[in-house]
Amino acid sequence: FRSPIRRPNQAVTAQDFILTLLTLSNYGQNDHTPQIAYSGSPVIQLRLAGEKRKHYEGRVEVFYNGEWGTVCDDDFSIYAAQVVCRELGYLDAESWAPSAKYGRGEGRIWLDNVHCTGAEKSLAQCESNGFGVSDCKHSEDVGVVCTQKRIPGFKFIKNHANSDEGMTVQVEDVRIRATYSHRKRIPITEGFLEVKDGGKWRQICNEEWTEMNSRVICGMYGFPGEKRFNTRPYKLLAKRRKKNYWGFSVNCTGNEADLSDCKLGHEIELKGNNTCEPGMPVVISCVPGRAFAPSVSMGFRKAYRVEQPLVRLKGGAMIGEGRVEVLKNGEWGTVCDDNWNIQAATVVCRELGFGSAKEALTGARMGQGIGPVHMNEVLCSGFEKSLTDCYFNRDALGCSHEEDAAVRCNVPAMGFHKRLRLNGGRNPYEGRVEVLAERNGSLVWGTVCSDSWGTMEAMVVCRQLGLGFASHAFQETWYWQGDASADAVVMSGVRCSGTELTLDQCLHHGKHVLCPKGGGRFAAGVSCTQTAPDLVLSSQVVEQTTYLEDRPMYVLQCAQEEHCLSSSADKADSTSYRRLLRFSSQIHNNGQSDFRPRAAHHSWVWHECHRHYHSMEVFTHYDLMSLNGTKVAEGHKASFCLEDTHCDEGIQKRYECANFGAQGITVGCWDTYRHDIDCQWIDITDVKPGDYIFQIVINPNYEVAESDYTNNIMRCRSRYDGHRIWTYNCHIGETMTFG
């Protein structure tokens with residue numbers, strides 16, 4: 001007999017002695033024995049808890065001696081994390097976190113100076129100071145991150161030593177099992193709920209099942225809400241089928257993001273086919289968000305209001321993720337990450353027609369937004385219809401865009417990635433695009449015609465495959481050996497706006513393929529990346545630096561050669577003057593990776609006016625337009641040399657134009673083209689006095705992929721009286737309309 005682990009001079013308590021005897025006498029007697037009570041180790045139960053966490057990570061909490069407590073981070077290691085994760089039914093541990101990363105726990109600190117080899121079956125078997133012997137504070141509570149994969153065949157056992165309070169549901173897997181007639185529907189929204197425990201799929205008795213439980217399951221599967229359904233066919237089916245019930249009920253409050261966050265209910269007496277009489281197995285029926293509904297009428301109308309949405313996601317690579325932006329007083333702004341948690345994130349996700357939140361992200365993980373920070377210290381119950389209904393601190397100031405909150409939502413399994421593949425690339429993130437198309441009644445793989453193939457189309461492909469953003473769009477793919485049986489072109493004339501969920505939602509020729517160049521070496525290809533830059537023009541700088549200058553033609557020869565003047569300048573006398581609307585451009589990279597020109601060094605063009613090489617021939621469009629949107633000044637397409645003029649504090653400049661240097665804009669830096677540089681103007685010599693729209697568009701041809709193109713356009717109101725110009729009300733993005 002070996003006593004519980006303790007310090008050499010520490011006495012064995014009567015409690016420990018009795019627990020150990022209980023362990024030895026109970027072990028292996030029936031199916032409900034505490035299988036994590038190993039010879040000589042006290043009976044314990046573990047759970048993960050805390051703030052801002054996914055269901056497979058959190059603060060480690062131990063149930064011992066009738067109460068929950070925490071574990072101190074002193075001497076904790078990845079081996080201890082592995083023991084914790086495996087004891088909870090996860091395959092392995094990814095990492096561990098000290099210093100109460102998941103918030104401070106309450107109650108006793110049960111374990112301190114824990115030393116595990118990694119081979120132990122329970123944390124109780126690891127060496128430690130002994131239960132309750134600690135000199136730590138809750139600021140030292142340890143947390144772990146487990147792998148998402150569960151141990152196959154893992155059986156959850158609830159210890160008799162454990163009280164009902166506080167145990168969460170721990171199962172290997174969860175599924176909605178559709179009936180035969182519903183099995184081909186995409187997405188699957190209805191069916192029997194089954195949990196996998198001990199390697200077997202089991203049903204749950206519906207006698208104590210609530211709508212709140214259904215709400216949580218629907219959220220996990222990417223659906224914003226649950227709905228009523230016809231129970232009759234399910235009752236008939238259940239009578240005919242052999243049932244295998246799980247031995248517990250479930251108690252969800254409805255605002256949990258995952259079933260594993262719900263509390264475990266009481267045990268159910270298992271009596272074979274007579275279990276759960278007069279009830280039946282739980283059936284789940286969910287409402288899909290509008291974007292995922294097989295038909296519009298089925299869509300979740302409340303979540304997808306037809307009127308102007310108040311919340312949107314920006315800067316995310318995948319469907320259902322992005323920086324949270326809120327519309328207030330006609331202006332889009334961001335949300336500060338102070339107190340940002342999974343409840344608030346879930347309100348956003350459901351509001352937008354997705355399920356519950358997988359993750360509440362902080363620290364501008366989806367890039368920095370622009371404009372005001374509209375909300376701070378947001379507090380949601382989880383049941384609000386909109387984030388704008390949640391409480392927030394209206395007086396809290398001082399949040400910067402470095403603290404912009406973001407979300408990742410659960411989205412329905414649509415099987416989008418099965419209709420498309422990349423072939424022949426050096427890695428899974430690149431290759432020739434091959435699509436599954438119907439030909440003569442059967443589904444065949446084929447290529448996409450590269451005519452008009454560009455970044456927007458590539459963006460949709462990468463998103464559909466879950467590979468992030470597009471890095472490049474290729475119109476020739478002869479260097480990638482695709483599948484020879486898929487050489488035929490099955491899709492042509494593809495034009496995407498960039499917001500589509502799948503390539504076949506884009507405009508295309510349909511069954512009548514037209515591809516003069518043919519497929520083969522001219523088949524479309526892509527490369528994808530997890531992160532992307534995001535360029536934003538400073539509207540404030542434009543507004544503050546705009547002025548008029550009358551400049552004689554004889555000093556504008558270089559600019560004329562570079563097509564920076566209106567065509568009337570071609571006939572102008574060398575002693576005449578041109579009236580130029582001058583301004584500075586300050587272009588920030590708010591994204592998550594550097595903005596690099598697409599053209600390689602050798603194809604850059606020397607510009608005599610600026611005395612350096614330009615890596616992008618069309619980097620911006622400068623235009624002056626009437627209030628109804630027609631151009632009144634010819635404007636021009638400005639080419640740029642890209643460099644880091646200035647950077648945020650702590651960020652090193654990486655790019656400069658001098659000496660044929662590397663060009664680009666680093667994340668957190670900006671490129672300033674000053675108002676006194678040649679071509680940094682619009683020639684308005686021929687423009688009559690009046691009210692106009694002054695417009696600047698960055699990266700107008702989408703030559704370089706960005707996480708968000710909607711903030712690449714800036715419009716200002718301008719009033720010209722023939723002598724002076726006033727520029728005011730400059731806005732980024734789509735918020736400003738003509739008229």
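Any Cβ shown, glycine's included, is placed from N, Cα and C.
Automatic, uncurated: that is what TrEMBL annotation is.
Of all Cβ atoms in the shown protein chains, 18 besides its own fall within 10 Å of the Cβ of Cys136 (disulfide bond). Annotation comment: TrEMBL describes Cys72-Cys136 (among others) as disulfide bond.
The disulfide bond feature in TrEMBL is assigned to Cys85-Cys146 (among others). All protein chains considered, the CB of Cys85 (disulfide bond) has 25 other CB atoms within 10 Å.
The feature disulfide bond is assigned by TrEMBL to Cys116-Cys126 (among others).
Taken from TrEMBL, the feature disulfide bond covers Cys252-Cys262 (among others). When Cβ atoms from all protein chains are considered, those within 10 Å of Cys252 (disulfide bond) total 23, not counting its own.
The disulfide bond annotation in TrEMBL covers Cys380-Cys390 (among others). In sequence order, Ala344, Val347, Met375, Val378, Leu379, Cys380, Ser381, Glu384 make up the list of same-chain residues 6 or more apart from Cys390 (disulfide bond) whose Cβ falls under 8 Å from its Cβ.
According to TrEMBL, the disulfide bond annotation covers Cys496-Cys506 (among others).
Annotation comment: TrEMBL describes 46-147 (among others) as domain 'SRCR'.
TrEMBL lists 176-287 (among others) with the feature domain 'SRCR'. The domain 'SRCR' (176-287) scores a mean pLDDT of 87 in the predicted structure.
Per TrEMBL, domain 'SRCR' is recorded for 311-410 (among others).
Per TrEMBL, the feature domain 'SRCR' maps to 420-529 (among others).
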Within 10 Å of the Cβ of Cys262 (disulfide bond), how many other Cβ atoms are there?
19
For Cys262 (disulfide bond), which of the listed disulfide-bonded residues (Cys72, Cys116, Cys126, Cys496, Cys506) have their CA atom within 10 A of its CA?
none
Is it possible to get the count of other C-beta atoms within 10 angstroms of the C-beta of Cys496 (disulfide bond)?
22
Hey, how far is Cys506 (disulfide bond) from Cys126 (disulfide bond), Cα to Cα, in Å?
58
Which residues, sitting 6 or more apart from Cys72 (disulfide bond) on the same chain, put a CB under 8 Å from its CB?
Ile109, Leu111, Asp112, Asn113, Val114, Ser134, Cys136, Glu140, Asp141, Val142
Least surrounded among the disulfide-bonded residues, given as Cys116, Cys126, Cys146, Cys380, Cys506, when other CB atoms within 10 Å are counted:
Cys506
What is the number of residues in the domain 'SRCR' (46-147) that are helix, strand and coil, as DSSP sees it?
16 helix, 35 strand, 51 coil
Using only C-alpha positions, which one of Cys85, Cys146, Cys252, Cys496 is spatially nearest Cys116 (disulfide bond)? These are the disulfide-bonded residues in the record.
Cys85
